[in-house]
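Report on the structure given below.
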Amino acid sequence: MITSLPGDPGSTDILAIANLPILWLLAVGVFAAIILQTVVYVRAARIAAPAAGISSAELKTSFRAGAVAAIGPSLAVVLVSVALLSLFGTPAVLVRVGLVGSAATETASASIAATTMGAALGDASYTQSVFAVAFMAMSLSGAMWMIATLVLTPLLRRGDSRLRSVNPALMAIIPAAALLGAFASLGIGELRKTPVHILTVLTSAAVMGMCLFLAHRFNVAWLREWGLGFSIVIGLFVAYTLHTTGLMPGA
Amino acid sequence: MSSTTVISTPSAVLATFDRTTSRWGRLTMIAALVMSLAAPLYLVLFADLGITQTQVWIAFLAVAAVFSVLWVVEPITYYPILGPAAMYQAFMIGNIANKLLPSALVAQAAIGAKAGTKRGEFSALMAICGAAMVHVFFMLVFVGLLGSWLVNIVPADVTDVARLYIFPSIIGGVIVQLVVSLKQPRVTLIAIGTAGFVFFVLVPAIPTIANLATGITVVTTAVLAWFLRSKPRSDSTKEIS
């Protein structure tokens with residue numbers, strides 16, 4: 001597959017260049033950076049835990065709860081990634097869709113970039129050069145998110161510690177308000193799409209409500225951790241049924 | 001750990017934690033940034049595809065026109081929820097709204113920690129570490145190793161449905177969990193009211209702000225929640241300054 005000159009600008013055989021060993025190496029490198037970061041963070045948190053008023057058992061519970069809660073969403077990202085493999089090749093999908101970005105932003109970026117070259121994703125106009133430009137554009141866009149994070153985090157932190165010391169009441173309300181605002185906005189954004197979207201949101205919400213109620217009523221702690229997984233699977237099942245049987249207009 | 005450890009004050013320990021996580025958070029993020037750019041750069045420069053600089057810039061500007069606001073708005077939006085350390089994780093691991101925030105919330109609920117406290121921050125950090133490891137494992141195994149094989153066995157309509165409806169099936173559950181665990185009925189109503197106003201009044205009136213909708217909702221909710229909070233009588237006189 002690999003020759004000294006792998007590229008052929010007009011060829012639509014994307015995977016011939018999208019799966020080059022050097023791209024694999026760089027993708028694995030990004031994963032290694034995340035693993036290293038996690039190891040450093042967990043060690044730092046263990047050392048500082050008593051000072052933060054959290055026990056090491058609670059740290060462990062948090063780690064496990066986060067891991068379990070991520071199973072459903074991660075499997076969902078896996079499914080979407082698999083669907084995008086033929087478009088971008090494995091290394092690009094691993095880094096762009098699996099990490100850093102999301103399926104929604106990255107496919108949008110790729111599609112916008114392809115359009116500037118008079119091409120569309122996945123059809124006969126989607127050549128190796130279009131793929132390379134699209135991959136470059138979405139990587140640059142993703143890089144801007146990271147650069148903004150690198151620049152803004154220290155600035156926000158300075159402002160934040162001043163706010164905290166000046167006004168603790170403010171810092172008690174703002175995070176809760178930001179969270180509720182963000183998810184209310186994302187949720188209502190979904191309700192505007194199609195009846196299937198609306199029913200999926202409602203199903204997921206109802207399943208979670210049921211899990212939390214049962215967890216509280218009968219004191220079953222694990223239901224709290226698995227609630228989101230159940231919400232996602234049952235939500236997707238309802239969406240699948242409605243979508244494939246055509247009972248309702250979907251996307 | 002051991003009895004010989006120098007006894008230091010909690011604030012000194014936390015300052016060390018902040019320094020360690022900031023330094024390593026930034027270093028690892030910069031490494032990921034460089035490697036993620038090197039891959040497409042290699043194709044553009046060395047794969048003999050005849051790509052010009054102009055083509056790359058035009059494509060980038062077109063993408064920037066859509067996403068540039070989010071580059072800045074998202075870090076500001078998520079900062080109060082994540083805290084400084086987790087920021088470097090979140091924007092490298094990605095899938096923040098549909099995976100990392102839900103994980104952090106579940107963990108905080110599991111140990112009864114509130115967002116905005118140190119306990120909450122540590123709990124969220126560990127939850128994101130847990131989520132990151134699960135995610136890295138799943139991606140490497142199911143996409144990296146088994147991906148090309150899975151492409152052939154998962155029916156196309158299943159992947160279609162997953163792609164189209166994964167977000168709504170996450171968001172419904174997350175909202176309910178959030179409302180139940182935060183127990184802030186007043187802020188909840190403000191958030192829903194604001195989001196409704198932004199999506200059903202503001203965006204239809206000014207369609208160009210659609211990409212900003214979440215940012216606007218977050219800022220407005222925060223401001224309204226602050227000014228409409230239940231204040232003790234003695235506190236209200238101090239606010240006017």
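Positions of Cβ are set from backbone N, Cα and C atoms, glycine also.
Same-chain residues lying 6+ beyond the ends of the transmembrane segment (B:24-44) with a Cβ under 8 Å from its Cβ atoms: 51, 56, 84-85, 87-89, 91-92. Residues annotated as transmembrane segment in TrEMBL: B:24-44 (among others).
According to TrEMBL, the transmembrane segment annotation covers B:56-73 (among others).
Outside the transmembrane segment (B:122-150), and at least 6 residues removed from its termini, the chain residues within Cβ reach (under 8 Å) are 21, 81-83, 85-86, 89-90, 93, 95, 99-100, 103-104, 106-108, 111, 113, 115. Taken from TrEMBL, the feature transmembrane segment applies to B:122-150 (among others).
Taken from TrEMBL, the feature transmembrane segment covers B:162-180 (among others).
Through the fold, the transmembrane segment (B:187-206) approaches residues 179, 213, 216-217, 220-221, 224-225, 228 of its own chain, all at least 6 residues removed from its boundaries and within a Cβ separation under 8 Å. Summarising the annotation, TrEMBL assigns transmembrane segment to B:187-206 (among others).
Annotated transmembrane segment per TrEMBL: B:212-228 (among others), in sequence order.
Counting same-chain residues at least six beyond the ends of the transmembrane segment (B:212-228), those with a Cβ under 8 angstroms from any Cβ of the stretch are 69-70, 73-74, 76-77, 80, 186-187, 190-191, 194-195, 198-199, 202-203.
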